[in-house]
Amino acid sequence: MHPTPLILSSSLLLVIIILIYPVLTSLNPNPQNPKWATSHVKTAVSSAFLISLLPLAVFLDQGTETIVTNWHWMNTTMFDINISFKFDYYSLVFTPIALYVTWSILEFASWYMHADPYVNRFFKYLLTFLIAMITLVTANNMFQLFIGWEGVGIMSFLLIGWWYGRADANTAALQAWIYNRVGDIGLIMSMAWLAMNLNSWEIQQIFFLSKDFDMTLPLMGLILAATGKSAQFGLHPWLPAAMEGPTPVSALLHSSTMVVAGIFLLIRLHAIMENNQLALTTCLCLGALTSLFTAACALTQNDIKKIVAFSTSSQLGLMMVTIGLNQPQLAFLHICTHAFFKAMLFLCSGSIIHSLNDEQDIRKMGGLQNLLPFTSTCLTIGSLALTGTPFLAGFFSKDAIIEAMNTSYLNAWALTLTLIATSFTAVYSFRVVFFVSMGTPRFLPLSPINENNPAVINPIKRLAWGSIIAGLIITSNLLPSKSPVMTMPPTLKMAALMVTAIGLFTAMELATLTSKQYKTNPITQTHHFSNMLGFFPSVVHRLMKKLNLTLGQLAATQMVDQTWFEAAGPKGASSTQIKMAKITSDTQRGMIKTYLTIFLLTTALATRLATI
């Protein structure tokens, strides 16, 4: 066997084994060491990250990809299911990034969750979550991908509902689970179609055999699956609701794991989509609508975690637009750069929330650049990277995506919406920085502000370096897998930067207007629409349920109580008794006085006649 594929396969299988080992040790019936979370889980993830750099280096040097099939799970006459790993461009680049980000999040969680009595179980859940995501990324067939897909789904349910004593956390966990179930219907139906028509779930065979079939139906199922998992418009409300979970969960969920799983599914299977115009147009329009709607919702939110959550959904919409433009490698590049600064934004938010006695309202913050200088600086860096500031990580992916949009002849409506959403990104990002870092403190004076802890500083510092240089490193070392779009005039090339600058100025104007009151009732309809999330949760979660409840009450009262129960109960008994009484009364008319009078008169007459 050639040494290069051997190095790739053995290294990445070793990574998976190292990650599984702490989970297996937790099955030991003996009581665990209180330090198990940091000694086993964090060490395992950091070691796995270092090992995963070896196959990445080999791939960058040799350009070699490999597939490992090492176990036949099930064989029938027409159908085989194998355990098969695909170590290609996507899995070799994504795995180290996921491990690096998770390592930082786990270290931060050791500080954030130190007082939780079940911290070891929490770390085990986070590790299982990561294993499920790596299983999904490295899968070479739909069955194995489905295992990873369901794994991240069930672990997200357990982690979002971690504080299960709170009704909101339970509701959010159920909401995430139910919305993902809707998406899972699409994936299961697509897998059933592939099994019936192509007789294979192996990805290479699907690519080869799909040329002879119209793939519109399974592609719609895959897009539905991605809509549920990656929180696209229509199935998006679970994403902001998931903020009820602990902040490390939000960071892991929104950066490099669950929410990008749907986009990754479409990237992995893009070969069967690239010539299907209906599927591409669906992705383009769905992504544009998601990006604009969620960015508009983020403009007026006051919960710092909700704003970052809506920004995630907006960026996922941008990735979906990129897939619709037939540029999956740009969507993957944005996944990679987005992981660093989004995880860092959540960790900075967690540090601020912890320091302000669990306060999440940005209107009650302010002046933190003096009290939490490191966290505030990293929050600003992350926000700048998110808006696509030149030479930070987000610039290399967002600029390439906007350039591809500007040179595209596709749907101008969708591309215009996406550009507007990009400008909104600058508005809400700068709004967060303004309210959190600038101005004077608006929080209680007795807040236990302290960021001088290595478990806080080190993970945020690592992610800050990633947010600054990751885009440059990835674009410098990895050649595009598809031919890039052609160049454009400098004026058009500057369009992305101009849109971001306009967004920043708009944010400054909005921030200064916040302290000025021009109307007695300043809340406008547009503000209300944005603040109420477009009335989407109210309509979906309340309107239909209220109609069903009203219909049920009418059926229960009018049909059951007033009809069947009345007929079988009091009214039924009375009608039966009335009939019997009528039959009885026909034989005896009830004129007793008349009868007695006639009887007495007859008796008197008879007596009189007898005496004569």
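Placed from the backbone N, Cα and C atoms, the Cβ positions cover glycine too.
According to Swiss-Prot, the transmembrane segment annotation covers 4-24, 40-60, 92-112, 122-142, 216-238, 278-298, 307-327, 330-350, 376-396, 454-474, 494-514, 589-611 (among others).
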Between the stretches 122-142, 216-238, 307-327, 454-474, which one has more Cβ pairs under 8 Å with the transmembrane segment (4-24) than any other?
122-142
Do any residues of this chain, six or more beyond the ends of the transmembrane segment (330-350), have a C-beta under 8 angstroms from a C-beta of it, and if so which?
90, 93-94, 97-98, 101, 104-105, 108, 112, 247-248, 250-252, 254-256, 260, 263-264, 266-267, 304-305, 308, 311-312, 315, 318-320, 322-323, 375-376, 378-379, 381-383, 385-386, 392-394, 396-398, 400-401, 404, 459-460, 463-464, 466-467, 470-471, 474-475
Taking contact to mean three or more C-beta pairs under 8 angstroms, with sequence separation of 6 or more, is the transmembrane segment (92-112) in contact with the transmembrane segment (454-474)?
yes
